[in-house]
Amino acid sequence: MTIGIVSYGAYVPRYRIKIEEIARLWGDDAEALKNGLMVYEKSVPDIDEDAATIAVEAARNAMIRSGVDPSRIGAVYTGSESHPYAVKPTSTIVAQAIGATPQMTAADFEFACKAGTAAVQACMGLVGSGMVDLGLAIGADVSQGAPSDALEYTAAAGGVACLIGRNESELAAIIEDTYSFTTDTPDFWRREGMPYPEHGGRFTGEPGYFKHVTNGAKGLLEKLGAKPEDYDYAVFHQPNGKFPSKAAKMLGFTKAQITPGLVVPKIGNTYSGSCLMGIAATLDQAKPGDRIFATAFGSGAGSDAFSITVTDRIEEIRNRAPTVSELIKDPVYIDYARYARHKGKIRLA
């Protein structure tokens, strides 16, 4: 059975803060940070935005792009590490907002930055089994980094929704296969009640990101009998600009393959939306017949790899909703004081 992406939608808040502004507060070297991270500014949610509102906006764009009846959606899964409620699903909010309720199932996913792609895989399973007609998978976050912590320079806000189906005439992209690589690696964590996550610093690199991304990618390539040169585009989880660039080189992918989907320099790390944002940006540009190789990463730790082929339908649906490039243009820049207010870093009680 053929399973794939019927539609997709993204959302990025319009507010931005530059690396220079954060560095100014903490006395850090902005140029060294920009060169090391390959990130120059990051998205900031508005005061009334959270992972749920971002997920709703992304889902609405996916529905506008698809043109399908929302009552056909049998499952809504939202992946995030910043769900607004500890007990109250984000996914029911999204489902109600897009008109998919009540004859459907919903659940929230957590797996650090790959919760969104885990939701995609779950939807693939439900759709493939015939249990549901369509499944909506979302990755959305308003990620947090403690003041002056390295994460504060990249932790951003944004989300992407993917409508998964099996009707070949509706598919804008076919998901040929997927492969996951998972271990218990404590590279990044946040306990209940902690306002900010903690991490292992450099430990998040080799034993975390690179081990899982490269093994996940190699596993799928071997499973398919494919090579990097078989693909027109490649997307890897984007905690910064340096890591996906290095991972691509390690695996044999070129700079030309990853550049179209490399959005992190302009918006930062959208966590659960990160890899999906790269896929969305690539779908915005890809032609029918193009192949996309994507690998998401989530701390804790694991990776999900996907092989995707774009269909003719992409040309029909692409411009029905804002593209990623349209969403990130014309930003509104704010200073650290306003950023702290937007991010809830100023606590009065």
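Cβ atoms are placed via backbone N, Cα and C, with glycine included.
As recorded in Swiss-Prot:
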- D29, A30, C113, T154, T204, H237, K246, N269, S299: (3S)-3-hydroxy-3-methylglutaryl-CoA binding site (BINDING)
- E81: active site, proton donor/acceptor (ACT_SITE)
- C113: active site, acyl-thioester intermediate (ACT_SITE)
- R202, K242: CoA binding site (BINDING)
- H237: active site, proton donor/acceptor (ACT_SITE)
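Neighbour counts of Cβ atoms within 10 Å were compared across the recorded positions D29, E81; the minimum falls on D29.
Counting other Cβ atoms within 10 Å of each Cβ, the lowest count among the binding-site residues C113, S299 belongs to S299. When secondary structure is read from DSSP and collapsed to three states, K246 ((3S)-3-hydroxy-3-methylglutaryl-CoA binding site) falls in the helix class. Within the group of recorded positions (H237, K242, K246), the Cβ with the highest number of other Cβ atoms inside 10 Å belongs to H237. According to its DSSP assignment, C113 ((3S)-3-hydroxy-3-methylglutaryl-CoA binding site) is in a strand. Taken residue by residue with DSSP, S299 ((3S)-3-hydroxy-3-methylglutaryl-CoA binding site) is part of neither helix nor strand, so it is coil. In this structure the alpha carbons, written CA, of E81 (active site, proton donor/acceptor) and C113 ((3S)-3-hydroxy-3-methylglutaryl-CoA binding site) are 7 Å apart.
Taking only the Cα positions, the spacing between K246 ((3S)-3-hydroxy-3-methylglutaryl-CoA binding site) and H237 (active site, proton donor/acceptor) is 11 angstrom. When the alpha carbons of K242 (CoA binding site) and C113 ((3S)-3-hydroxy-3-methylglutaryl-CoA binding site) are compared, the span between them is 17 angstrom. Considering only the binding-site residues D29, C113, S299, H237 (active site, proton donor/acceptor) has C113 as its nearest partner by CA-CA distance.
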